[in-house]
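S.K.: Got a structure for you, written out below as structure tokens; questions coming shortly.
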Amino acid sequence: MASHTASQRYLSTRGGSYGLSFEEAVLKGLAPDNGLFIPEEIPSLPPNWQNDWANLPFEGLAFEVLSLYISPTEIPPSSLMNIIHKSYSTFRVPSVTPTVTLDSDRKIHLLELFHGPTFAFKDVALQLLGNLFEFFLIRRNQNKSKTGEDREHLTVIGATSGDTGSAAIFGLRGKKDISVFIMYPTGRISQMQEAQMTTVTDKNVHCLSVDGTFDDCQDLLKDLFADPLINTTQRLTSVNSINVSRILAQIIYYFASYFSLIRSGTFNPLTDHIRFVVPSGNFGNILAGFFAKRMGLPISKLIIATNENDILHRFWQTGAYEKHGVQSASAEGFNVGVKETLSPAMDILISSNFERLLWFIAYDVYTSNVDGIQERRQIAALKVKEWQTSLKTKGGFCVEQKVLDAARVDFSSERVSDAETLVTIRDVYRWPNTGSPGPKGYVLDPHSAISATAAQRSAKTAPGIHNVALSTAHPAKFSHAVEMALAEEKEFQFKDILPSQLLGLESLPRRVKHVQRSGGLDGVRTIIMNELEKELNGTP
Ligand SMILES: *Cc1c(COP(=O)(O)O)cnc(C)c1O
């Protein structure tokens with residue numbers, strides 16, 4: 001059994017809220033001061049964790065890890081166990097997130113995170129989030145009549161450039177008292193991703209195809225959250241990567257991978273060292289690795305692997321965190337925005353979760369000679385606010401050398417181009433004797449190819465150390481890059497890697513509403529209110 005911390009509470013990185021329960025932090029999503037929620041303390045591991053956890057299955061590990069962040073008075077252990085079981089029994093492999101060895105000589109491994117319902121790593125977090133939402137709402141509504149006015153209802157709204165949307169839909173489909181609206185830019189996500197989302201026909205799932213770009217979808221999302229009209233009647237929440245429960249869920253697999261390597265006999269925890277290499281966009285996945293490390297998992301380094309949208313890499317090189325939009329011509333003239341790459345789930349201008357790391361670093365660097373814990377938290381929040389204000393008004397900020405030094409203790413970074421991504425997909429496919437799902441070699445998706453490239457660089461500079469590259473999507477989801485990389489491989493046929501679940505999706509009935517960008521906030525609000533009315537009052 002886990003050693004429960006007395007009572008885990010949550011605070012906002014910008015100092016506006018302290019002492020929140022886990023439930024409040026999860027249901028709110030974003031803090032009212034626009035900060036992000038973090039646990040007030042990163043818990044440390046119980047004394048015998050290394051022995052006690054060594055042979056636990058994924059769900060058991062999940063229970064031990066999450067119990068350190070969620071007080072038993074908030075979610076009783078038996079309910080937490082249920083929530084975990086519901087979330088991870090939807091995965092197609094019993095180990096949920098298996099670790100496979102790609103190259104035993106160079107000690108390069110892959111942590112496969114794509115065995116959930118939508119074939120991408122976001123399922124690990126969004127399956128749990130959906131069941132947490134459901135648990136909280138059932139509890140809040142348990143003594144209310146089935147259709148009564150006073151029932152609490154949650155309206156989840158998200159903007160997606162692909163993966164988040166389908167993972168959120170699969171996490172929330174069919175859940176009582178929850179409606180989900182996902183906006184995506186028409187014609188700008190892959191056909192597979194669009195089919196995955198729009199062929200889910202549960203009544204509470206609403207796909208909105210917005211004529212515009214992903215940024216237009218995000219602008220509409222922000223407008224909706226700030227809109228007094230919709231907010232007086234609906235309780236809105238977001239599943240974008242800001243929700244703290246997503247970070248917590250992702251901690252689990254760092255432990256799972258560590259123990260899996262020990263059990264397979266490849267890794268000796270007494271003498272060997274391990275690095276995790278993470279393909280990063282919004283910094284959520286790797287931030288969970290930082291939490292795992294702070295808890296006490298002996299990770300020697302976390303390596304951030306970016307694509308050509310490299311704001312994180314530039315920060316770790318220079319200490320300057322600056323939006324560098326790429327100017328590109330578009331129908332409307334010039335657009336300053338993200339660069340479109342072969343790994344679209346990592347195409348970002350700024351990384352939302354980086355703010356959480358900044359809080360912890362500011363706390364370490366600027367408060368060591370301050371006594372009261374509350375004062376120390378305030379100082380960290382002030383520093384975060386100062387940086388975020390500069391990011392907003394000037395497009396960036398620069399940190400002091402001691403902040404950069406602190407950031408480099410736990411992390412280093414690598415940038416990987418599209419050309420290198422393609423080379424790695426091809427090279428790895430050609431390697432002999434890899435434990436492979438494909439007919440010949442292992443087939444990487446472009447995001448996983450970015451971490452695999454960075455892992456190879458890491459292996460070269462520090463031979464002997466184990467490198468675990470996180471593999472975040474199934475290659476069938478990103479056929480464009482995979483087919484480009486393997487065009488000359490005679491034995492490769494895309495249909496050989498296409499999972500049966502994704503087969504024939506294209507021809508299923510779809511449910512989607514079109515949103516004209518010219519209709520603005522009023523237009524999208526009207527559509528959402530109408531859809532909600534139809535859903536909740538049972539008219540088809
Ligand atoms: C979201 C996503 C990422 C990036 O993860 P972050 O937590 O945003 O850093 C990488 N790969 C895939 C396939 C994703 O869907």
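For all residues, glycine too, the Cβ spot is worked out from N, Cα and C.
As listed in TrEMBL for this protein:
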type	residues	note
DOMAIN	9-88	domain 'Threonine synthase N-terminal'
DOMAIN	107-339	domain 'Tryptophan synthase beta chain-like PALP'
MOD_RES	Lys122	N6-(pyridoxal phosphate)lysine
S.K.: Far apart in sequence but close in space: which same-chain residues, 6 or more away, have a Cβ under 8 Å from Lys122 (N6-(pyridoxal phosphate)lysine)?
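M.R.: The answer is Asp163, Thr164, Ala167, Ala168.
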S.K.: Across the domain 'Threonine synthase N-terminal' (9-88), what are the DSSP residue counts per state (helix, strand, coil)?
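M.R.: Summed over the domain 'Threonine synthase N-terminal' (9-88), the classes give 33 helix, 9 strand, 38 coil.
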S.K.: Quick one: average pLDDT across the domain 'Tryptophan synthase beta chain-like PALP' (107-339), no decimals.
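M.R.: Here the predicted model's pLDDT, averaged over the domain 'Tryptophan synthase beta chain-like PALP' (107-339), is 91.
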